[in-house]
Amino acid sequence: MADKFYRPTYLKVDLEAILKNYQVLGKLQPNKTVMPVIKANAYGMGSVNVGHYLKKHGAEFFAVATLDEAIELRMHGIDTKILILGVVMPKDINKAIQHRVALTVPSYAWLNEAIKYLDEDLEKDLWLHVKIDTGMGRLGVKSAEDYQKTVALIQSHEHLIFEGVFTHFAQADEDSPHTKEQYEIFENWVDTIPHPSYVHAQNSAGTILFDAPICNMVRTGISLYGYYPSEYVEEQTNAELYPSAEWITEIVDIKYLNIGDTVSYGSTYTAEKSEKIAILPVGYADGFPRMMQGTNVEVNGQQCTIIGRVCMDQMMIALPENEDINVGDKVTLLNREHSGPQSLLSHAKQQQTINYEVLCRIGRRVPRIYEPEKVFDIVNELQK
């Protein structure tokens, strides 16, 4: 891991806040295992550092999306249980066994094909979680009969372990009857045969708002990092979450515009008066998109507007008159508030998307600085 970076743009990640959220979510669903979802580089926070910190504080089972993500965790010393939520190609099943990870069974056909690739001299077990499609329209078996047939095939093989069964809610973050309907289907099908070790259905929204008595594990993603899955969820709960990310940059240059001067590509901004502007070393290649033109960043407590188009690596802001703002002053792009102009919610609205996507867009060339001080670390992906 690198201990330096050479551009003053970075994402501060508060691991203690993530731990608090892990504990809050666990208290909402007592007697259930909390499975932290650390796919997509832990929603941009850094899966290795997040994984190690949560493991140190009791997490025993992580979820990722791909075999590559699971291998990354193993290569960095995370030896907990890991479930891959996405599809692993049948031909790669022995690689999954080698790294001791659990796989999702998306269909009977997948399982039947995967078995063909098992090494003949296999000595290690493979843990499997059967996915049931109760209304997401994505992965999963589509009937109780298919579920029973799939489990029977697993149990007919000496080294395949039926460890879990799960589904995924499509509208748990909305005021919709669909979640209850999905849960009832899931419960009915799961109850047709003896339960495996893990039964899980609740995502972040389901964990916060929905009781699922048949389940003994919850999968927490966005809320693990301190963000509500939707405004509806935030309105419906008293659970306090702690935002964990703060995106900071610095002013690298200041210049003065005359009346009529233009700024950035397309000359979309024209100075109507003499004004002072600052250049920031961050752009859409870092995950700060062009559509953020006209929104605000914070400098020394002042709201400053982004003028002209956001460039690949830089952007410009207008500075208020008579304010003592200089090269080297810190600029907040994203703060740890739940609302306000630099909140993740505000970013999502401005970008016409969801908070998940905003976090996942923050690029690999933005170093992550981990707090608190007792675990201080810097990860610069470009110097690994």
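Note: Cβ is positioned from N, Cα and C throughout, glycine not excepted.
Copied over from Swiss-Prot:
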ACT_SITE  Lys39  active site, proton acceptor
ACT_SITE  Tyr265  active site, proton acceptor
BINDING   Arg138, Met312  substrate binding site
MOD_RES   Lys39  N6-(pyridoxal phosphate)lysine
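Annotation for Lys39 (active site, proton acceptor): same-chain Cβ neighbours under 8 Å, separated by at least 6 residues, are Ser47, Ala63, Val64, Ala65, Thr66, Glu69, Leu85, Gly221. Rounded to a whole number, the C-alpha distance linking Met312 (substrate binding site) with Tyr265 (active site, proton acceptor) is 11 angstrom.
Shown in sequence order, His168 are the residues of the chain, 6+ apart in sequence, with a C-beta less than 8 angstroms from the C-beta of Arg138 (substrate binding site).
In the three-state DSSP reading, Lys39 (active site, proton acceptor) counts as helix. Using a 10 Å Cβ-Cβ cutoff, Met312 (substrate binding site) registers 11 neighbours. On its own chain, Tyr265 (active site, proton acceptor) has Gly308, Arg309, Cys311 as residues at least 6 apart in sequence with a Cβ closer than 8 Å to its own Cβ. The DSSP secondary structure for Tyr265 (active site, proton acceptor) is helix.
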